[in-house]
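For reference, TrEMBL has these:
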type	residues	note
ACT_SITE	Asp273	active site, proton acceptor
BINDING	Ala48, Val49, Pro69, Gln70	NAD(+) binding site
BINDING	Pro250, Gly326, Gly327, Asp328, Val331, Thr356, Ala357, Met408, Gly437	S-adenosyl-L-methionine binding site
DOMAIN	176-233	domain 'Sirohaem synthase dimerisation'
DOMAIN	243-452	domain 'Tetrapyrrole methylase'
MOD_RES	Ser154	phosphoserine
REGION	1-229	region 'Precorrin-2 dehydrogenase / sirohydrochlorin ferrochelatase'
Amino acid sequence: MAGPRDHFRAARTVVKVIAVNHAAAPPLLYPLFADLVGRAVLVVGGGAVAARKVDALIGTGATIRIGAPQLTPALAERVARHALDHLPGRFDPAWLDAVWLVIAATDDAPLNAEIAAAATQRRVFVNVVDDAERSSFQVPAVVDRAPLRIAISSGGGAPMLATLLRERIERLLDPAWGALAALLTRRRAAIRDRHQALGARRGVYRRLLDGDLLALLRAGRVDEAEAALDRAIAAPDAAAGRVALVGAGPGDPGLLTLRALRVLNEADVIVHDRLVAPAVLDLARRDAERIDVGKQGGGHAVAQTRIHQILLEHARAGRRVVRLKGGDPFVFGRGGEELQFLRAHAIAYEVVPGITAALACAAYAGIPLTHRDHAQSLRLLTAHCKDSLDTLDWPALAAERQTLALYMAGLELDTLRERLIAHGRDPRTPFALIENGSRPEQRVICGELTDLPALARRHALRSPSLLILGEVAALAPSLAWYGRPVLDERSRREVVPDTPAVAASAAVGRVLETDAAGLRIAAHPQPPFVAAA
């Protein structure tokens, strides 16, 4: 015989808020929606809290039992109408027989603990109101646009936060979303029969959401909406795939563009470099295929020619492919080569820019790349270029009143120091080495050009890292606002930024995304950093 767990269905539209605890994160709750039709649910308690729990159960098809010596007038009226079964008297463990869920909603803490223990012994899921430790399931805050329902949970740790988020989402989703969900539910079988391939069905839903359906439903023009839906169902499958070249930014998912978020949520396949932060990938459509081509400074796990072929194969199969690169794809990201290949093979493409590492690392280290008193120009360089550093214009790079930003900075620091000084750059020019910029473990090491390679070795500089060289780098100790103290080797001291932002450096990065499945809010700790282009 099937048990209670067999009749839980995983939620397709869930809003989940993950509480941040960098020291020791608790296990995550698994989001579920329960099918309670014809199944008994016990609510213990007869007051206002119990009444609210009963209200939430009405409409689920559950057989609701209320156990309490006395009931509120509203609960008593429902019992009189046979909407509830009343179990009078003090809690009896026998009440749990044949029950699938139990909610302890009394104002008696020892009694609630007794109920929880009895339920756990019988392997019945139990929720103890305002007691997450004794609960085996949590009742989320719900945005109800039936049949579309969005559940928000803080894992029981911050219920008021979940409530506030629900209020915000309530303002974002008008009732037309419920009407749309109902309409799609009625046509689901027709869509599945007409478009049997999963990718083709996904394309139908995308076109529907990009079209006028919601506007028609908001205007009450239901017949026109149904006609538009039927036309979309009857349309032939779109065979041509396309590639989106997307910049993943520096690693903090909060710095992704809205366009990048949308494309990630529409992707069938994501071809990504190793420098793309896991927190960014977490925002992509969950059932998208992920292909790690593993490019990282110093080597290529997958040859560029093979990457080209992967993009071509999936696009020709009619898939929406995202080529996801750290930073910006057109700044030392070989994005131009990939577009040339796609153009030569008649594959449709688009480009979504990202925030390049020079901008992000400098900002998170408190370094203005240009400054009226110090630098009127900026040069972006890579220490891992195709033709080596020998091709660079060293006399121009050695000029004063400019800022140099060197990507993959750990590779050629000895050569950089020697060439710049040889061509006239002041050996005392300030620099800042930024390791893991924008993530909680960010390190900023400041010094002078003459000591650059030695300091990088002394502090065991690791990739990903970026070098900023120029007078503006000297501002980091005084303007830094994020993460760990700046290590200023010019005076061998650690400079702790005196700014409220430091206390917030582990704040949650909030990302709002909308896709065919509805709305999802994901809250993440500050994400891994990618010092890529």
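Backbone N, Cα and C define each Cβ position, glycine as well.
Note that the coordinates shown come from a computational prediction; the quantities given were computed from them, not determined experimentally.
Across the domain 'Sirohaem synthase dimerisation' (176-233), DSSP helix (H, G, I), strand (E, B) and coil residues number 50 helix, 0 strand, 8 coil.
Between the candidate binding-site residues, Ala48, Val49, Val331, Ala357, the densest Cβ environment within 10 Å is the one around Ala357. Considering only the recorded positions Val49, Pro69, Ser154, Asp273, Pro250 (S-adenosyl-L-methionine binding site) has Asp273 as its nearest partner by CA-CA distance. For the recorded NAD(+) site, residues Ala48, Val49, Pro69, Gln70 set the reference point as the centre of their Cβ atoms, and the other residues of that chain within 8 Å of it by Cβ are Gly45, Gly46, Gly47, Ala50, Ala51, Ala68, Leu71, Thr72, Leu75, Thr106, Asp107. The average pLDDT the prediction assigns to the region 'Precorrin-2 dehydrogenase / sirohydrochlorin ferrochelatase' (1-229) is 87. In the structure shown, the C-beta of Ser154 has more C-beta neighbours within 10 angstroms than that of any other entry among the recorded positions Gln70, Ser154. Distance from the CA of the residue listed as 'phosphoserine' to the CA of Val49 (NAD(+) binding site) is 20 Å. Spanning the listed NAD(+) site, residues Ala48, Val49, Pro69, Gln70 have a farthest Cα to Cα distance of 15 Å. A sphere of 10 angstroms centred on the C-beta of Gly437 (S-adenosyl-L-methionine binding site) encloses 27 other C-beta atoms. Comparing the Cα of Gly437 (S-adenosyl-L-methionine binding site) with the Cα of every entry in Ala48, Pro69, Gln70, Ser154, Asp273, these being the recorded positions, the smallest distance points to Asp273.
DSSP assigns Ala48 (NAD(+) binding site) to a helix. When the recorded positions Ala48, Pro69, Gln70, Ser154 are ranked by how far their Cα is from the Cα of Gly327 (S-adenosyl-L-methionine binding site), Ser154 comes first. Recorded residues the residue listed as 'phosphoserine' and Ala48 (NAD(+) binding site) have their alpha carbons 23 Å apart, per Cα-Cα distance. Residues Pro250, Gly326, Gly327, Asp328, Val331, Thr356, Ala357, Met408, Gly437 are the ones the record ties to S-adenosyl-L-methionine, and the longest Cα gap between any two of them is 17 Å. Annotation note: Ala357 (S-adenosyl-L-methionine binding site) sits in a helical segment as assigned by DSSP.
Mapped onto three states, the DSSP output places Gly327 (S-adenosyl-L-methionine binding site) in strand.
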